Amino acid sequence: MRNTILFGVSMILLANLCFGIMSAFVKITADYFSPMENVFYRSITMTLLLLLIYPFKPYRLKSYKQGGFKKLAFRVVVGGLAMLAFFYNIEKISLATATAFSQCAPIYTVLLSPLLLKEKLKRSTLISACIGIVGVVLISDPSVENVGPVEIFMGILSGIFVSLAYITLRDLREYYDKQAVILAFAFGMSLLGLVGMFIDIPFLSTGIHVPRKEDILWISLIGISGTLGQYFLTYAYMNAPAGIIAPIEYTRIVWGLLFGLYLGDTFLDLKSSLGVALILCSGLLIALPALLKELKKI
């Protein structure tokens, strides 16, 4: 049991490192490609890699039972919108702040679950979520960096859409193999990104920019790191309880800070640092009951 949990923890740490590397590569390419193009290149590379792996490690592509397609399509759409909003913020603001906005998903999940899943909300959980909301307000300061109304809006949207994707994943387990969900997400996002590149959308899609020689490397690395991150994430949740894995996901913010500083981001000021700290505390407090429950079983 302990070895399995240790393996799961190792997997989530590797997943967060890979996602941090992917975000750094997206920031590098953001000077040339639009967020929509980065979504497409990230997704199409991931799709090709998954298709290459499939013959060596096949899995069930058909659903276990009927009724899951609409939920899968919804997961693809909200997951894609979350990625698009996140990639926009990576271009405009510091990597740490963009990542912090995205990692607010558990806070929104707490607030949305009573409405969407009819789950009863505990007072302690609500207080934890409110702490996180205060953190969001602190990092949404227009006087800091380039965090304007659009960046704040995109940041909140990225967190909300990620939370909706997580909520949907709970139901999808009954219908599809986990690997099939990953492939469907990658393929669906490739289609959405491809169509989106031909539509002029302010801030998000500004036409098609033909990849230069040096861009091929960055595009490949974005896809490879994103695919590895997704696989490590899947294996983490397959080998260890979610209550133990979920709190560790916040190390992604640390990688966002470190890679951002390496790429030239300024260090967060006191107000933004406090906001990120509150978001971290909020997520940990939300996950704490499940964490303690799982630790007692060891």
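Here the Cβ of each residue, glycine as well, is placed from N, Cα and C on the backbone.
Per Swiss-Prot, the features are as follows:
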type	residues	note
TRANSMEM	5-25	transmembrane segment
DOMAIN	17-141	domain 'EamA 1'
TRANSMEM	36-56	transmembrane segment
TRANSMEM	76-96	transmembrane segment
TRANSMEM	97-117	transmembrane segment
TRANSMEM	124-144	transmembrane segment
TRANSMEM	147-167	transmembrane segment
TRANSMEM	181-201	transmembrane segment
DOMAIN	183-288	domain 'EamA 2'
TRANSMEM	216-236	transmembrane segment
TRANSMEM	244-264	transmembrane segment
TRANSMEM	272-292	transmembrane segment
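It is 272-292 that, among the stretches 76-96, 124-144, 181-201, 272-292, forms the most Cβ pairs under 8 Å with the transmembrane segment (244-264). Contact between the transmembrane segment (272-292) and the transmembrane segment (124-144) holds: at least three of their C-beta pairs are under 8 Å, each pair 6 or more apart in sequence. Of the candidate ranges 76-96, 124-144, 147-167, 181-201, 216-236, 181-201 has the most C-beta pairs within less than 8 angstroms of the transmembrane segment (36-56). The recorded stretches the transmembrane segment (5-25) and the transmembrane segment (216-236) share 3+ CB pairs below 8 A when only pairs 6 or more apart in sequence are counted, and are therefore in contact. Each residue in the domain 'EamA 2' (183-288) has a pLDDT score, and their mean in this model is 84.
Ranking 147-167, 181-201, 216-236 by CB pairs under 8 A with the transmembrane segment (76-96) puts 147-167 at the top.
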